[in-house]
Amino acid sequence: MNLCSSGATASTTSLSSTGQAERSGGVPGGGAEGGGGSGNSGGGGKTSNGSAEAPTLCFAGGSGTAGAIAGTEELSNANSPANGAGGATGSTGSGQQPTGSNGHSHLHNENNANMPPETRPKMVTVKHPESNKPKPTTKKSKPIQADQDVIKALQRCRDEGIKRLDLSKSSITVIPSTVKECVHLTELYLYSNKIGQLPPEIGCLVSLRNLALNENSLTSLPESLQNCSQLKVLDLRHNKLAEIPPVIYRLRSLTTLYLRFNRITAVADDLRQLVNLTMLSLRENKIRELGSAIGALVNLTTLDVSHNHLEHLPEDIGNCVNLSALDLQHNELLDIPDSIGNLKSLVRLGMRYNRLSSVPATLKNCKSMDEFNVEGNGITQLPDGMLASLSGLTTITLSRNQFASYPTGGPAQFTNVYSINLEHNRIDKIPYGIFSRAKGLTKLNMKENMLTALPLDIGTWVNMVELNLATNALQKLPDDIMNLQNLEILILSNNMLKKIPNTIGNLRKLRILDLEENRIEVLPHEIGLLHELQRLILQTNQITMLPRSIGHLGNLTHLSVSENNLQFLPEEIGSLESLENLYINQNPGLEKLPFELALCQNLKYLNIDKCPLSTIPPEIQAGGPSLVLQWLKMHSPYRQM
């Protein structure tokens, strides 16, 4: 039996309340193809020369755009949404006509709507003794079932020669066999529905080029899909596929294949047949091995196999010489093959969070790379001079590894770099002059290392904007830090600092200063010169008083001085007009608060826990910070202001 023979079409007389849509004239499918509709379901109108335009049909919740299909997927580790659950909808209740698989329900209610008012059945409310909730004896009609509307949409698609059909986000569970009649279709969007399987008749759409099936409940594909020999883009993200359906390997015209977030465990050798693929995404599956067949896909430009269970890559990966983006992050890779050096077009290589102890020296051949990221591995050192060979690098991320020193290669390796992240390693020294050529370096993260001192040439880092030195063993800051006048963020928490140099006042662009958990006893008066400061974090130190100049910090919104030895707060704190959060908890010597605190009109949060505030009645303190502020306002000499 030929599934694609026209035959008799199913009767839809009882399904249509408005009749067949009016034709706009011309030959169905003639003229220009409708592009990028906005969700309208109207047919194509005549063009200015009188020829008919092939319309685009969008349905129900569809967006009218091809948003489900992208040219490439980002090499990100963003969380993926859960799969859409499958299953039928529209269970029946008492007093309701059962709903059939074709969605022909509530027809009697539609007829009732056309009756004269005097002949319609009345809505009678009955109150049951055991319930206060009124229960109607006749149920109100529900919206037309989504699967029923699909029949209408397909009929219109057939009649008007529509080339682009968007049925996305419509709670569809079944695609009827009448889809075979939509032979003009080149784009079909069925994403974000509840489809469990496709009918064999899908193979009749021989002109199809784009097919979006992502976010459904598919476990397989019909063999007839191989008849769609012009298919270029196939999107199967977020389904329930336990394997790559064999029919896919016979779709040799495919250029883009998305299989992200399924349950695939293996890739068959037949993959080598898809020689026209330029984009392949197998992200977030359960694949343990990528066979040699991958090397046959010489036209690939983007390959995403991240978030799987790969331990090795085949040497054949080096045959994919057109790759510009290769995402291997979040696997269990123990090594990278030397053939990776053949990928001279590579711009982005994601190797984060694997089990690598080294990377091959051949990577220095990949001179087009602009980002080098091996975060979350066990690497102790990079091949000598490798970073210097990659002269196009702008960001380098070596965090969460086992580096005991900076990579070898000298200042040349950072010439064009603007961001360096070496967080969470075992580095005890920043080499003198290592950044002498890094004129564009604006961000350095050395958090969680073993630094005991900063290099003497720190004053030459004049373009630095963000400097994170938290969780080291620093005992002092050099006075030359005053030269970092572009600095906006300075993180020095969890060190062994006893004082802050007066030259800190030269950092006039500073917005965030974090000195938490040090051994600081006194803040310099020059702190008041930081007029752009928004967050000042001083908690867990040994500070006994805040300088009166703190009142000059007009942009300060967050001040934390908890867990110190404060005896009082300066009355100038009332000048902090932008202050929203104030933490002064756990200062055992703080017995009173200045009335001027009531002048901080934007203060939203005040933490005074474990402060012996003897001047404020206990019942006021027990009422919480808001009541304390109210008390201060009521008893303040400024209450008339």
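Don't overthink the numbers, they just go from 1 along the chain as shown.
Just so you know, glycine gets a Cβ as well, placed from its N, Cα and C.
Features reported for this protein in Swiss-Prot:
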REGION    1-146  region 'Disordered'
COMPBIAS  1-19  compositional bias 'Low complexity'
COMPBIAS  26-47  compositional bias 'Gly residues'
COMPBIAS  66-83  compositional bias 'Low complexity'
COMPBIAS  84-93  compositional bias 'Gly residues'
COMPBIAS  94-103  compositional bias 'Low complexity'
REPEAT    207-228  repeat 'LRR 3'
REPEAT    253-274  repeat 'LRR 5'
REPEAT    322-343  repeat 'LRR 8'
REPEAT    345-367  repeat 'LRR 9'
REPEAT    368-389  repeat 'LRR 10'
REPEAT    392-413  repeat 'LRR 11'
REPEAT    416-437  repeat 'LRR 12'
REPEAT    440-461  repeat 'LRR 13'
REPEAT    463-484  repeat 'LRR 14'
REPEAT    486-507  repeat 'LRR 15'
REPEAT    509-530  repeat 'LRR 16'
REPEAT    555-576  repeat 'LRR 18'
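Beyond the ends of the repeat 'LRR 18' (555-576), by six or more residues, the same chain brings 516, 531-549, 582-600, 602, 607, 638 to within a C-beta distance below 8 angstroms of the stretch. If one looks beyond the repeat 'LRR 10' (368-389) by at least 6 residues along the same chain, the residues whose Cβ comes under 8 Å of a Cβ in the stretch are 324, 344-361, 395-405, 407-410, 412-414, 421.
Non-local neighbours of the repeat 'LRR 16' (509-530) in the same chain are 470, 485-503, 536-553, 560; each lies 6+ residues outside the stretch with a CB under 8 Å from one of its CB atoms. According to DSSP, the repeat 'LRR 12' (416-437) comprises 0 helix, 3 strand, 19 coil. In terms of DSSP helix, strand and coil, the repeat 'LRR 8' (322-343) has 5 helix, 3 strand, 14 coil. Computed over the repeat 'LRR 14' (463-484), the whole-number mean pLDDT of the model equals 97.
Mapped onto DSSP helix, strand and coil, the repeat 'LRR 5' (253-274) counts 5 helix, 3 strand, 14 coil.
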